[in-house]
Each structure stands twice: as structure tokens, then as C-alpha cells.
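Heads up: the structure comes next, in C-alpha cells.
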Amino acid sequence: YLFHRVSTSLPSACLNLREFKFAQTLIFAIEEINNSTQLLPDVSLGYKIYDSCGSIAQTIQSGMALMNGYDKTLNDTSWLNMWLIHCFVVVVVVFSQISHFATCACLSDRKRYPSFFRTIPSDYYQSRALAQLVKHFGWTWVGTVRSRSDYGNNGIAAFEEAAKEEGVCIEYSEAIFRTDPQEQFLKTLEVIKKGTARVVLAFIALGDFVPLVNLIAQHNITGLQWVGTESWITSRTLAETKEYSFLSGAVGFAIANAKLVGLQEFLVNVHPDKEPRNELLKEFWETAFQCSFRKSGSGGCTGSEKLAELKNEYTDVSELRIANKVYTAVYAVAHTLHNTLKDFKFSSNTSKREWPSPKKDVRFTVKTGEEIFFDTTGDPVARYDLVNWQSAKDGTLQFKHVGLYDINQEHILWAGNSEQLPVSVCSESCPPGTRKAVQKGRPVCCYDCIPCAEGEINSSDCFPCDLEYWSNESKDRCVLKVVEFLSYTEIMGMVLCIFSFIGVLLTIIVSLLFYLHKETPIVRANNSELSFLLLFSLSLCFLCSLTFIGQPTEWSCMLRHTAFGITFVLCISCVLGKTIVVLMAFRATLPGSNVMKWFGSLQQRLSVVSLTLIQLIICVLWLTISPPFPYMNLSYFREKIILECNLGSAFGFWAVLGYTGLLSILCFVLAFLARKLPDNFNEAKFITFSMLIFCAVWLTFIPAYVSSPGKFTVAVHIFAILASSIGLLFCIFAPKCYIILLKPEKNTKTQIMGKSPSTTL
């Protein structure tokens with residue numbers, strides 16, 4: 001067993017408590033096996049521990065000693081002891097190695113490492129799990145930092161391959177090693193600082209990671225989401241260092257945790273007095289209690305200290321993830337020996353002896369309940385806990401189990417007794433939004449993937465969505481089209497409503513002003529009865545615009561067009577009546593003329609009623625024969641539905657609009673002819689301006705109405721109603737209100753009539 005120290009400076013500067021706990025776990029397992037009556041009942045296992053000190057050179061030296069130094073401890077009279085030493089120590093040719101912490105996927109190569117086995121999963125599975133984890137959280141832009149070793153290089157290579165399949169991009173990939181100069185760590189730090197990726201995957205050994213996090217803490221780099229591997233994601237050394245609080249929120253896969261009954265008592269009962277010659281144990285004691293081991297003097301270890309009172313990484317048994325792999329590795333060797341000894345038979349030819357291999361029929365369950373076995377590559381089943389680092393109240397970090405990753409294909413055998421899932425396809429499945437196009441001259445299983453057209457989705461082939469549906473962005477399902485109509489809740493609808501109510505309010509104010517001054521010459525001279533009726537019809541014109549807003553229904557469609565047609569004809573009829581009154585009044589001032597008796601108050605009322613009645617009859621016929629109705633327009637826009645009012649009979653609509661236009665033109669012509677009558681306050685002049693605006697608005701309305709898309713068609717109609725109504729209100733009534741309010745001295749019969757004889761209109 002090679003014992004590892006972790007050091008950031010000199011290889012032998014300190015002893016690592018976690019690694020020493022692993023060594024003690026190995027001893028614990030061996031003693032447990034030696035005390036067992038079921039496993040190797042007649043055999044006692046021994047051990048030798050060599051310190052690699054975290055140094056490559058020291059590791060090689062210890063490894064050579066492990067292979068070559070066994071002869072010093074042999075009992076020459078016991079071939080069984082010699083054979084056991086071979087199994088544990090000799091690592092060349094036919095003998096096996098079992099690792100508890102070597103995760104590099106490269107070690108699964110049976111041609112290069114035929115005698116290597118391990119109780120910890122291969123990084124091949126962890127790398128793919130990390131790629132899926134990153135994709136799961138939607139992190140498609142990440143940076144990576146790795147150990148410049150087989151562990152880091154192979155792990156990141158497998159991650160990059162899996163990430164590419166998942167659609168994850170890597171911004172940078174930095175490599176470091178614990179013995180690198182400071183400049184290399186600073187370079188890596190600068191790359192991380194300048195990177196735009198907010199997620200960093202650290203596929204790195206704990207000993208290589210410590211120097212980097214020290215620098216990160218010194219430069220106060222925060223805000224990065226760290227994703228870790230089993231090497232450091234459950235390290236108490238990192239978690240309990242408050243300077244490393246920037247690692248809070250880190251996620252990563254850890255080896256499944258376990259509880260080893262009796263281990264804690266074994267760990268705290270270790271004492272240098274029990275093994276006086278064990279310098280390593282003394283060094284551990286000094287490290288644990290941070291003192292020098294001597295019997296007297298201040299600051300020295302007396303040997304009376306109690307490990308049970310300490311709370312450090314050695315005494316903590318809440319995280320036995322890696323220690324459990326040490327434990328199971330020892331048991332794997334023991335079970336291999338047990339099976340081999342049980343089947344071992346002597347023969348006259350000793351060369352026919354079968355040497356033990358953990359691979360051969362080794363399948364057992366340890367007391368933790370975990371079943372241990374090895375696949376054809378010498379690897380165990382890959383199981384991982386998803387761990388999240390969360391802050392504790394004391395400022396340290398704690399590990400929170402938030403998920404599980406379990407891969408087990410051990411029970412499936414494919415063609416040729418292979419455990420590798422075979423792939424046999426001519427073409428990969430088409431992605432969403434594409435369809436299969438058979439390649440000419442090849443079977444139907446060989447195809448190209450052609451994008452589906454807009455409005456189509458794919459299943460086995462592209463097919464169009466129903467009329468009321470449209471394909472989503474990925475073109476893998478149909479979704480309801482967006483329904484569009486001019487709503488009260490949208491800004492344009494609100495603005496038009498506000499202008500409509502403003503128009504009604506202004507009309508009411510003018511009506512109130514005229515009512516309060518109904519006896520004044522300017523009101524009486526303008527035929528107050530027709531003026532009030534005109535103001536009433538203008539109020540209806542403003543209000544009828546509201547029927548065009550909101551979701552079209554059967555009643556609203558019929559109401560909006562008929563209300564518009566009737567109210568505007570009523571309005572124009574009043575204006576036309578006022579225009580005729582002006583002309584008749586001028587004719588009445590001529591000597592011998594008695595024309596006013598032919599167009600008195602009764603005739604004025606009858607003309608307004610008759611002209612409006614014609615429009616009413618047109619509307620009734622329209623509603624009876626082919627009325628407007630709500631309609632979903634699916635042809636104007638392919639991706640959305642326009643909810644509008646279908647005119648029903650287009651002839652009815654244009655008849656209503658045409659009749660209104662005819663009266664407007666007639667009114668404009670008559671007013672234009674009377675524009676130069678000699679009154680100081682000429683009503684015909686104002687009517688001419690109002691009808692000019694009215695006709696201009698509705699002439700421009702026709703092309704705008706025809707060319708406007710969707711809800712803008714309705715908006716154009718409402719705008720025409722409001723603009724023409726405001727034009728009539730201001731041109732006809734604004735001059736009168738001006739005189740009533742601001743120029744009352746002109747509100748006299750003499751001023752109103754000027755040179756013309758007095759005429760009561």
C-alpha cells in the first residue's frame with residue numbers, strides 16, 4: 001500500500017490527515033479479516049505501508065521498494081507467506097494491483113494494464129455524468145481546469161467528447177500541477193479572470209487544486225460556479241477553510257458514502273506508545289495536535305492527548321467515501337485469496353498452479369450492504385452521489401446530497417458476449433424539425449434530414465398543422481396560433497378609447513354652452529334645433545367607435561357597421577339641413593321672396609328624418625340578407641389568426657359608406673356655393689371647411705382600410721370616425737364658442753347679420 005502525503009511546497013513537509021486515515025482503514029480491514037472465522041480462517045494477512053510524500057520521484061522509489069524489498073520479511077520455511085507477499089507486493093507479470101483511488105479511464109485498457117483492478121469507478125463514467133450535469137442546468141459555455149496528469153488529461157478529454165455531444169461549448173482548458181512554478185498558476189488565474197464563462201469545471205486532484213484556490217482567495221475572485229470531481233468535492237480541508245467560501249454552491253459527483261461500523265473507535269485508539277518504533281505515527285500525532293513529540297517542555301506532545309476530543313479530517317467519519325474504497329479493496333484481495341485457497345490443489349507439476357486474480361469469480365457483499373464485483377475491464381459498477389456545497393452557520397461549508405447517478409450494465413450481454421452496447425444504424429435519427437429524405441439508390445434506412453417548412457412539424461415525416469395551429473420553434477409540435485384583435489387592454493386600444501371619450505366630453509361641453517346661451521343671437525341665428533341635434537349625433541359618432549374595439553362577436557359585428565352608418569348619416573343630414581337653411585335665408589332677404597315658408601322647421605325635421613330613414617332601410621336590408629359576422633382570418637398571416645368582422649355582404653357595406661359619402665359631397669357643394677354670402681358670420685364658410693375635412697378623411701380612409709393588416713384595419717376605421725367627427729365639431733362650433741366666451745360684444749344681431757337685413761333662422 002502506497003501512502004500519500006499532500007504538500008504544496010516540499011514533498012515531505014507535512015503529513016496529510018486524510019491519507020493517514022486511509023492507511024488506518026486498510027489496517028482496520030486487515031485486522032477485521034484476521035479476526036473473522038468465515039473469511040480466510042486459517043490465514044493471517046500482513047501489510048507494509050510506504051510513503052510516497054506526494055512526490056513523483058518518491059512514489060517511484062517507494063514503488064521499487066515495494067516490489068523488491070519483500071525478501072527481508074519472508075519466512076523461508078513458509079511458502080504460503082511467500083505467496084501472500086507476492087499477491088500484495090509484486091506488481092509485474094502475473095500479479096494483480098487493486099487501487100482505491102486511481103480513477104483514470106486509461107487504466108481500463110486491459111492490453112496495457114492486464115493486472116490492474118480498482119474499487120473506485122472509472123472517470124469515463126464521471127466525465128459523461130459531468131457533461132450531462134452541465135447540460136441539465138443549461139450551462140452551455142464553461143471553462144475547465146485540470147491536473148496535468150493522466151487523471152486530469154484523460155478526464156477532461158472524455159468530458160470534452162461528451163460535452164460536444166450534449167451541445168456544451170468549452171471556452172478555455174487550463175492544466176496545472178502542484179509542482180508548477182508560481183507563474184503557471186498566475187497564468188491560469190488570469191485566464192479564469194478574463195473568461196466570460198461563469199461556470200468552471202475543475203477536473204483536478206486535491207493536491208493540485210489547493211495552490212490554485214489559495215491564489216483565488218488572495219485575488220478575491222468570486223461569482224464563479226464551480227463543478228467538481230470526486231477528488232476534491234468532499235474534501236473537509238477545503239470546506240472547513242473560511243477563506244475558500246467562494247466555493248459555496250459548488251456541485252459535483254462524489255463516490256457513494258458509506259458507514260463502517262467500528263472504524264471510528266479504531267481510529268481514535270491509535271497511539272504512538274503502542275508502536276514506539278513507528279515514526280510515521282509520531283509524525284501523525286504531531287500533525288493532529290500541532291506540537292512536537294517530546295515528553296517535556298512547553299508546546300510538546302506528552303502522549304496523553306486524546307484523539308477522540310479532536311474534530312478534524314482524521315476523526316471525522318461522516319464522509320467515508322474514499323475510505324470505504326480502501327476497505328472494499330482489502331476485502332477484494334481477501335476474497336480472491338479465499339476463493340483461490342479453497343480451490344487450490346497440489347499436483348506433481350507445480351507450474352500448473354492457478355494464481356489469484358480479483359477478476360475471477362469474485363463477487364461478494366461487504367457489511368455495508370454494497371455488492372462488490374468487477375467487469376471485464378477490472379472496474380466496479382459506477383455509482384455517484386451528486387453533492388452540493390452549502391454554507392453553514394459558522395461560515396464553513398457543508399456537503400448536501402442532492403442527487404444520484406447510477407450506471408449498471410453488468411447484467412446485459414450483447415452480441416459476442418460483449419458488455420458494450422452495439423450501434424448499428426445507417427443514419428442517425430433526424431433531429432426535431434426535420435424530415436427523412438431517402439438517399440437515391442440506397443435502402444429506406446439511409447436518409448438525409450431535410451428541415452420542415454414553416455407551419456409543419458415532424459414525426460416520421462413532416463406534415464402541416466391544422467389551420468388554427470402553427471409549428472413551434474423546434475418544429476416538433478403544433479401550438480395554437482396567436483389570436484389578434486384590437487383589445488381594450490393594449491396601448492392602441494386605450495389611446496383610441498381615450499380620444500373617443502374626449503370627443504364625447506367636448507361635445508357635451510359645447511351642448512351645455514349652447515344651452516346656457518340659447519337666447520343669444522349667435523345661437524338663434526344658427527338654427528338652435530339643428531345645432532343641438534347635430535351635437536347629439538356627433539356624440540353618437542364618437543361613441544360608435546367603441547363598438548370596433550374588443551373581441552368581435554355576432555352582435556358587435558352587426559352593431560359596429562350599422563351604428564356607424566346611421567349616426568354619420570344623421571350627422572350629415574343635420575349639416576345639410578343647416579346648409580340649406582343658410583341658402584334659403586339669403587334668398588328670403590331678396591325683395592318679394594317668400595322662400596322660407598318652403599323650408600321651415602317642419603321641413604327641416606322631415607328632411608333629416610327622411611335622409612336618415614334611407615340609411616336605416618339600407619342597414620336593415622344588409623342585416624337581413626347577409627349581415628356581418630365574426631371571422632377568423634387565417635390567410636393574411638400564416639403564423640397568427642386575425643379575429644375580425646366579416647362584412648357579410650360587401651355591397652351592403654359599400655352602399656352604407658357610399659350613401660354617407662353622397663350626402664357629404666352634396667353638403668360640401670351647397671356649402672361651397674354659399675361660402676361668399678355677405679354676412680359677417682357666414683355659417684356656410686365653416687360648413688365648407690368641415691365637409692372638406694370630412695371628405696378628405698374618408699377618401700384617404702378607403703386605400704388605408706384596404707391595405708392595413710389585421711387589427712390595424714379596425715384602428716384605421718376608428719381613426720377615420722374620430723378624425724371626421726372632431727373636424728365637424730371644431731369647424732362648425734369652435735368659432736361660435738369663441739365668440740360666446742371670448743368676444744361677447746360681437747354676439748349681437750347687428751354684428752351677426754352685418755349689412756344683411758335681419759333674418760331669424
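Positions of Cβ are set from backbone N, Cα and C atoms, glycine also.
Some features that TrEMBL has for this protein:
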DOMAIN    492-756  domain 'G-protein coupled receptors family 3 profile'
TRANSMEM  83-108  transmembrane segment
TRANSMEM  491-516  transmembrane segment
TRANSMEM  528-550  transmembrane segment
TRANSMEM  562-586  transmembrane segment
TRANSMEM  606-625  transmembrane segment
TRANSMEM  651-674  transmembrane segment
TRANSMEM  686-706  transmembrane segment
TRANSMEM  712-734  transmembrane segment
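Taking residue pairs at least 6 apart in sequence, the transmembrane segment (651-674) and the transmembrane segment (712-734) share fewer than three C-beta contacts under 8 angstroms. Within its own chain, the transmembrane segment (528-550) is flanked in space by residues 485-488, 493, 496-497, 500-501, 503-504, 507-508, 510-511, 514-515, 518, 556, 559-560, 563-564, 567-568, 570-571, 574-575, 577-578, 581, 601, 604-605, 608, 714, 717-718, 721-722, 724-725, 728-729, 732-733, which lie at least six positions past its ends and keep a Cβ under 8 Å from the stretch. Across 491-516, 562-586, 606-625, stretch 562-586 shows the highest tally of CB pairs under 8 A with the transmembrane segment (651-674).
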